[in-house]
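> Below is the structure I would like to discuss, written out as structure tokens.
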Amino acid sequence: MLPSLIQPCSSGTLLMLLMSNLFLWEKVSSAPINASEAVLSDLKDLFDNATVLSGEMSKLGVIMRKEFFMNSFSSETFNKIILDLHKSTENITKAFNSCHTVPINVPETVEDVRKTSFEEFLKMVLHMLLAWKEPLKHLVTELSALPECPYRILSKAEAIEAKNKDLLEYIIRIISKVNPAIKENEDYPTWSDLDSLKSADKETQFFALYMFSFCLRIDLETVDFLVNFLKCLLLYDDVCYSEF
């Protein structure tokens, strides 16, 4: 099930409510981690950069998804797929559950959010970025191999791949200051749809592209929400829960 707190239609609204409320607070609450002022200052700088990247990635995910639906390269097939999927709720649920990052347990309720630690949220972001690292590389490779693929789509895929790497570096640096025991090589979900993405059968390949862009968009918006929420927790701690 798509976590109710981070649905594409609601995460932006939640984030705006959350951040607008913070401007009313003059006194910064205690941070959720034990660290020196110097380390907290470094973390703030890292999160400032991370939130910019996550926001850019989220927007690119939305734009690329729209390009697939609007460009003649893929629009006919994509619109047919979405019509078929919406013939039943079961089809939609099955499609979402096929996203390879579903095993990453993002909190589904406000109560779950409150029970989740700062470090656990960090690990979610780390695992999600790692889970997309190789798939994004393959996406760029396969789109580049399609002569009819427009640059408008390919360029978005290339930008997302590059920014995913950059954001991953920032998250790893943040983790090194919060808890070095969290390792980059921890288990994370693996993607197993490369054969479909490389398929010579257009219908199979385009369905793989449809699902790829669908799952990617959801996850990029999730990452953006989580990175901003982590920054809020670092700066304001419990105040961040006040708008949920």
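Glycine is treated like the rest: Cβ placed from N, Cα and C.
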> Looking only at Cys9, Cys149, Cys215, which is named in Swiss-Prot as the disulfide mate of Cys99?
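That record, Swiss-Prot, gives the partner as Cys215.
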> Which residue in the list Cys149, Cys240 does Swiss-Prot annotate as forming a disulfide bond with Cys232?
Cys240
> Drop a 10 Å sphere on every Cβ of the disulfide-bonded residues Cys99, Cys215, Cys240 and tell me which sphere holds the fewest other Cβ atoms.
Cys99
> Using DSSP with the three-state reduction, classify Cys215 (disulfide bond) as helix, strand or coil.
helix
> Between Cys215 (disulfide bond) and Cys240 (disulfide bond), how far is it from one CA atom to the other, in Å?
27
